[in-house]
Amino acid sequence: MSFIDEFQSNLEALPNTLQRKYSLLHDLDKSLQEIQRQNEQRCEQEIDDMKRGIKSGNITPNSSLLKFSDDALDEQKHAIRIADEKVALAIQAYDLVDSHIQQLDQYLKKIDEDQRRERENVAATGSASTAPDHIMKAGKAGESSNRGRKKTRLTTATATAATPTTNTTSMELDLPVDPNEPTYCFCNQVSYGEMVACDNPDCKIEWFHYGCVGLKEQPKGKWYCSDCAGKRKRRKGR
């Protein structure tokens, strides 16, 4: 039996167990109230008897007779015992619920740790798969032109075209990544999926994810990012 099955089985029995404890608490409370009522009446009666004895001179103010009867004291002790039982039952009910909460916290913590490890593994796999792109980017300074850099990117894309892929968006990058891994694009995220290079050799960003620039396939001819395209238009307008 898995942890979640065992936890669910125990949880299903919890309401009935708590109901029994609450019912017993209710019965004890009724008994306690009845004993307190009887004791208050007994004590009031005994106090009135003491007052009458003092007025009649049968009892002196410092007499040893100025005390409650044994019956009254026994009732008070019984009330204390019932109150202690109520406290013990309340603690048991609290501990029972708290133990289930702690079990659930441990289970959720285990799930969180498993998911974290899975994200780290996915991130590590993604970093390894983008290594050729980083090597290409590091060596692009030796290319004769920006177009050659794009052709290198096209070669990488062609090599992986046979593998079915899904449309990748920036939502995938909620995973932890290597802080030393270079970032690209307007989203300032690591390399993933299909990417395109800006044909402006002075572009500060250079590489962009398809989804971030609205592309679904490799553009034909020269392609400029929105920043560089805007600069080119402003220069032409002068």
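Every residue, even glycine, has its Cβ placed from backbone N, Cα and C.
Of the given residue ranges 38-77, 118-157, TrEMBL assigns the label region 'Disordered' to 118-157. Across the structure, Tyr184 (site 'Histone H3K4me3 binding') and Cys203 (Zn(2+) 2 binding site) place their CA atoms 12 angstrom apart. Counting residues of the domain 'Zinc finger PHD-type' (184-229) by DSSP class, helix then strand then coil, yields 7 helix, 8 strand, 31 coil. Its own atom aside, the Cβ of Cys198 (Zn(2+) 2 binding site) has 24 Cβ atoms within 10 angstroms in the protein chains shown. Secondary structure of the domain 'Inhibitor of growth protein N-terminal histone-binding' (3-111) per DSSP, as helix, strand and coil residue counts: 96 helix, 0 strand, 13 coil. Each residue contributes its Cα atom, and for Met195 (site 'Histone H3K4me3 binding') and Cys187 (Zn(2+) 1 binding site) those atoms are 13 Å apart.
In the structure shown, the C-beta of Cys212 has more C-beta neighbours within 10 angstroms than that of any other entry among the binding-site residues Cys187, Cys212.
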